[in-house]
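Undergrad: My questions all concern the structure below.
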Amino acid sequence: MNQELATNPLNPLAAPRQFDEIKISLASPEEILAWSYGEVKKPETINYRTFKPERDGLFCARIFGPIKDYECLCGKYKRMKYRGLVCEKCGVEVTLQKVRRERMGHIELAAPVAHIWFLKSLPSRIGLMLDMTLRDLERILYFENYVVIEPGLTDLSYGQLLTEEEFLDAQDQYGADAFTANIGAEAIREMLANIDLAATAEQLREELKEATGELKPKKIIKRLKIVESFLESGNRPEWMVLTVIPVIPPELRPLVPLDGGRFATSDLNDLYRRVINRNNRLKRLIELRAPDIIVRNEKRMLQESVDALFDNGRRGRVITGNNKRPLKSLSDMLKGKQGRFRQNLLGKRVDFSGRSVIVTGPELKLHQCGLPKKMALELFKPFIYSRLEAKGLSSTVKQAKKLVEKERPEVWDILDEVIREHPVLLNRAPTLHRLGIQAFEPILIEGKAIQLHPLVCSAFNADFDGDQMAVHVPLSLEAQLEARVLMMSTNNVLSPANGAPIIVPSQDMVLGLYYTTMEREGMKGEGMAFTSLEEVEHALASGAVHLHARITARLPQIDENGNEVITRFETTPGRLRLGALLPKNAKAPFELVNRLLRKKDIQNVIDTVYRYCGQKESVIFCDQIMGLGFREAFRAGISFGKDDMVVPPTKWDLVEETQDQVKQFEQQYLDGLITQGEKYNKVVDAWSKCNDRVTDAMMKTISATKKDEKGAELEPNSVYMMAHSGARGSVSQMKQLGGMRGLMAKPNGEIIETPIISNFKEGLTVLEYFNSTHGARKGLSDTALKTANSGYLTRRLVDVAQDCIIREHDCGTDHAITASAAVNDGEVVSPLSERVLGRVAAEDVLVPGEDVVIVRKNELIDERKADEIEAAGVQNVRIRSALTCESDDGVCALCYGRDLARGTLVNIGEAVGIIAAQSIGEPGTQLTMRTFHIGGIAQGGQQSFIAAAQEGTVAFENESTLENANGELIVMSRNMQLHIKSATGDTLASHKLFYGSKLFVREGDAVARGQKMFEWDPYTLPIIAEKAGVAKYVDLISGISVRDETDDATGMTQKIVTDWRSAPKGNELKPEIIIVDQDGEPVRNEQGNPVTYPMSVEAILSVEDGQEIKAGDVVARIPREGAKTKDITGGLPRVAELFEARRPKDHAIIAEIDGYVRFGKDYKNKRRIAIEPADDTLEPVEYMVPKGKHIPVQEGDFVQKGDYIMDGNPAPHDILRIMGIEALADYLIDEVQDVYRLQGVKINDKHIEVIVRQMLQKIEILDSGDTTLLKGEHVDRDEFEEENAKIEAKGGRQATGEPVLLGITKASLQTRSFISAASFQETTRVLTEAAVQGKRDKLVGLKENVIVGRLIPAGTGGATARVRRIATDRDQEVIEARRAEAEAAAALIAPEDTPAEVGGED
């Protein structure tokens, strides 16, 4: 590889080699010798007196090249004229000193040595080739055991290990020549050299056909794959054992003299010295015919020293230097954050850059930034020099330099010229998304701080409390062009994550705009009428009218036809001011701002202006409202005072009331009416409710409008204005200042029962203060952890998606996914219009029930179309998606849809993968790190009923109910749903009904808003009798499977099912309650099965043995704790868990087929559940469930494919296998979105789809057909299709496979590009594997191109590559045409000549 990339040493200006791919493979000894310029024989480095390299040493000039340019070591030949000559005295070639960076040497080893990467990197490649375990290999290599290489006619077998004694005995028994056995790396080399790859592969294929069981085929496939990769790549197995070691060029492992006669050296020199020393000693020992044991020891030491050189610390103890620090080996040079890949190739330092503190620059325009003069002078030096020379102010660069250093006046004039129209890039670390680097035009300022426009702060996430930013200068014309056209801050108005404007006023500006658009009664000038804006301004200035007075005024508007019309409005002077700034457009009417504007409203205004009035107008508008906001906030003089925090007068009444309640609960607990857990829940519940009521009372007090004696409305409370407008602060912060602080959490996440009743204004008691320190500290440590975790998630996401680029306009696929509104707990959290906006329709969208097309197939759905779809009441739309795109290497534009940051169809070459990764990763720091334990936490108080949110009629789905003795309807199904339908039949809301819920409505009932529809017990899960009869206990034996719990305080006894498996003779028991009739015969259900209720551990029995029961009675209750003690993983860990596709701990079991449930014979501690398929052609499916787990299905229940047989979180792999790709994508998107929605972060679904697409790139082969693919192997989708296409062309049987879901880390490591994978994680493993397979990296992704130092194949880089490709094709055509013409001409001239000669001339 080095040779391929190295430049020609004789010609210093040789052009860099153009290459299309990089291949990595094992180096044969011959190749190593071919690279080498000589053998390093001595461990010496430099003569410390003369500082000249020792001959034949590690820095030898004869091998590696001269120390000074064009000068040999002894100084006989100097200067250019002797170039290329080899000095006969010192043997040094006269050439550039630079060749010492590229010439390699070698060491001839006296004994072969196994390469540690191929030995120890799991799975061990040498071990696989020889079919030996790693332990056996090490025994041979480190001279403990002999191995039989050629058994001859003896009873020994090939590959058998022999101890020293056994070996000697065998020699005595069979004679010394009857068999061959050897020890050490020689033995292994010999065995590897004897392998016939083709024959081995053939034999393995035969074995694979006959192999049965689970593990054997897997093992054979592993060996077969490695044997085949050796065959294909042309590598030989024995090359994994080294006989020659390359020595890297000396300039790459420098030795630098420090003052005081000491040297600073690279660790590699120490490691090489060790190898050379031991190698020379071994040579001498062999020459001296030393005893075997000594030679062996020396060989072992040589093996160890070579191991340390390649990968120190991988085997045995770490070799340390003189200061007890481990030496950095060749592997360590590549690995980790400080390794070559991540430190120097992916993260380079940049020239022409500077950094400084930022301050706010409110008088800048949006596309400008203030650059300190000093910085600009330094950054633009070369430009200034050339301009000075061009103007004749200096004749040489040296002179120009002097002028600049003295800072003469003419230099400043020139700096102004240079800087004009030359954008610079500003970057703030951490750059979490692409808006973290934007281009601005510099404006020269005095001082030393960079001025930043306030509106771009939110994109950079910058504030002015000492943040620093870096400035970079784009040098070439192309770079300046890209900076201006693509990166200018004015082009980044919309966020790529969700398409909403990101240039939005914040803080003071919001407050100013809120204050401007306020309207108050009874202000001065109320009811006046004005003819024009100028008149209003005049009146304001003279004090005749107040900013908030309600007035009537005329304002010119644009109507639908684009004509100007004067319209009258009821408004306030403040709103008129704002309205005057709106661009004149029919789509941006004055009504847009004729109301009280909060932060969200301002964002909508900007969005509307951007969509309909274009970029230029909206940028000007943003700048103007920023100015207005700052100005008005300053004039309003809104400030924050202690008295602005109002403590509600009713607070103490509410607190006392709650304290009484808590006392009652304590008493109930002492009386034994409730358990400790229930008491805890109720207390926490009560305090949360109290907290909410105090907060409501405070908000009522604080937001109430007050009037003065003249009846004029007073200004609202200033703190309320800040919070309400969205400028700063929130209700919860106000609650802590003026209400009560409320409940606090312990460090482990549990809630402390006693709340903090005081607020900050009143001051906390010592105890309260102590209780609140827990949470506060946890918050701080969480934040630190969160940042690191979030960054790591982003890194993994970027790595998995980096090669996902828009490659073509249309892939022509027929596949699509269905989009529908997202509903959570009966609430529509994101409407259909939001989910289809910016997507491409996969088929015509029609108005329901009519033949009217809203959107044509392959048409982009914009805002207007989305609203039409919503208005027409369409329920779901088939849209194209990145998941179903069929492009090779990337996605097509139609499947992706709109580029959210531009608002138009995405361009070819856009790096959508990276944008997706950034959009998901960037808000990561806002997510929580907490895992919620529901160890009885009242999460906002457990809900126990649901009331109708809309009015409509009730409709049930999968109805299965039962009337109990009191005439109440009880839900008996697990997948019954209640829908509320509108008059037109649209579903307004839908609720999942829990088993055992009581229904208050019937099918077809009309419900009003707020009407209670159904309720359930939030703390227990009931088991309900479906038939009347007598309850009979089975295997419910007191003391073995049932314990009687008597509460001391109350004397009440409950029967509770215990874990019967732990009891002696308990394993055979199947505790259940059956229902029998009066004669003791089991009552049967509709399917004819006996009615039985298996009991799970911790269930509380509600009926006695032999008690008569009616249908609908509760037989037993399972505490919800038991049914639901799983932690709810929230926030970042949940997102990571989903993208890593981890199986949840207690994952749900999902039915794979439609059929009937049967309970089979039980195992020791597992229950067997079978599903008998409804379709007779299918096989029954069996599942094992731990005994004592609650199973929600009964014998004979009909389940549908995809139903849960056991509760829990489903494993994403199961969803993919059973329900398919679309269901998996829906699940992942919904789950990820739920986490982000909780934090109020909006991310477009398509970003998650892109990542899921990348997780589904591999296919597992189920049947290999006639292809060379192996069963059970994971291959890339493209490879799979290529292989099948080849076989189809030959008419053979195609391979079949199913998609596999890989977590993002695994998917990144299994990418086709080994360079990208190696720079991500597990560098050694990736490179080892790639070398054995002789992999070629085609350089298609972004990362590999950055690493080899080319333009990335995305954006403008992709465009130039495309143009170049087209040009080459055209040239090729022209050349072909000319050749054809020439041949035709030649044929005309010499028709009697043989055609062979014509071809020869060419």
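Cβ atoms are placed via backbone N, Cα and C, with glycine included.
Reproduced below are the annotations present in Swiss-Prot:
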- C72, C74, C87, C90: Zn(2+) 1 binding site (BINDING)
- D463, D465, D467: Mg(2+) binding site (BINDING)
- C811, C885, C892, C895: Zn(2+) 2 binding site (BINDING)
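I would like each feature placed in context: is it buried or exposed, what are its neighbours, and how far apart are things?
TA: The Cβ of C90 (Zn(2+) 1 binding site) lies under 8 Å from the Cβ of R55, A61, R62, C72, L73, C74, K76, each on the same chain and at least six residues away in sequence.
Secondary structure at D463 (Mg(2+) binding site), taken from DSSP and collapsed to helix, strand or coil, is coil.
For C895 (Zn(2+) 2 binding site), applying a Cβ distance below 8 Å and a minimum sequence separation of six or more within one chain yields C811, T813, V840, R880, S881, A882, T884, C885, S887.
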Undergrad: Just checking, which of C74, C811, C892 (binding-site residues) has the fewest C-beta atoms within 10 Å of its C-beta?
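TA: Among the binding-site residues C74, C811, C892, the sparsest Cβ neighbourhood within 10 Å belongs to C74.
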Undergrad: Can you see whether DSSP assigns C892 (Zn(2+) 2 binding site) to helix, strand or coil?
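TA: DSSP assigns C892 (Zn(2+) 2 binding site) to strand.
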Undergrad: Around the Cβ of C885 (Zn(2+) 2 binding site), how many other Cβ atoms lie within 10 Å? Please give the count over every shown protein chain.
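TA: A count of 25.
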Undergrad: Quick check: which same-chain residues outside C72, C74, C87, C90 lie with their CB within 8 A of the centre of the Zn(2+) 1 site CB atoms?
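TA: So the extra residues in range turn out to be L73, G75, K76, Y77, E88, K89, G91, V92.
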Undergrad: For the recorded Mg(2+) site, whose residues are D463, D465, D467, find every other residue on that chain with a C-beta no more than 8 angstroms from the centre of their C-beta atoms, and list them by sequence position.
TA: I358, A462, F464, G466
Undergrad: Using a 10 Å cut-off on CB atoms, tell me which of the binding-site residues D463, D465, D467 is the least crowded.
TA: D465
Undergrad: At a 10 A cut-off on CB-CB distances, which of the binding-site residues C72, C87 has the highest count?
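TA: Ranked by Cβ atoms within 10 Å, first place goes to C72.
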Undergrad: Rounded to an integer, what is the Cα-Cα distance in Å between D467 (Mg(2+) binding site) and C87 (Zn(2+) 1 binding site)?
TA: 59
Undergrad: List the other residues in this chain whose Cβ sits within 8 Å of the Cβ centroid of the Zn(2+) 2 site residues C811, C885, C892, C895, in sequence order.
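TA: The answer, listed by sequence position, is E808, D810, T813, R880, A882, T884, E886, S887, V891, A893, L894, Y896.
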Undergrad: Could you check which of the binding-site residues (C87, D463, D465) sits closest to C892 (Zn(2+) 2 binding site), going Cα to Cα?
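TA: If we rank C87, D463, D465 by Cα distance to C892 (Zn(2+) 2 binding site), first place goes to D463.
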Undergrad: Give me the CA-CA distance between D463 (Mg(2+) binding site) and C87 (Zn(2+) 1 binding site), in Å, as a whole number.
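TA: Spelling it out, the Cα of D463 (Mg(2+) binding site) and the Cα of C87 (Zn(2+) 1 binding site) are 65 Å apart.
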Undergrad: Given D465 (Mg(2+) binding site) and C87 (Zn(2+) 1 binding site), what distance in Å do their CA atoms have, once rounded to a whole number?
TA: 65
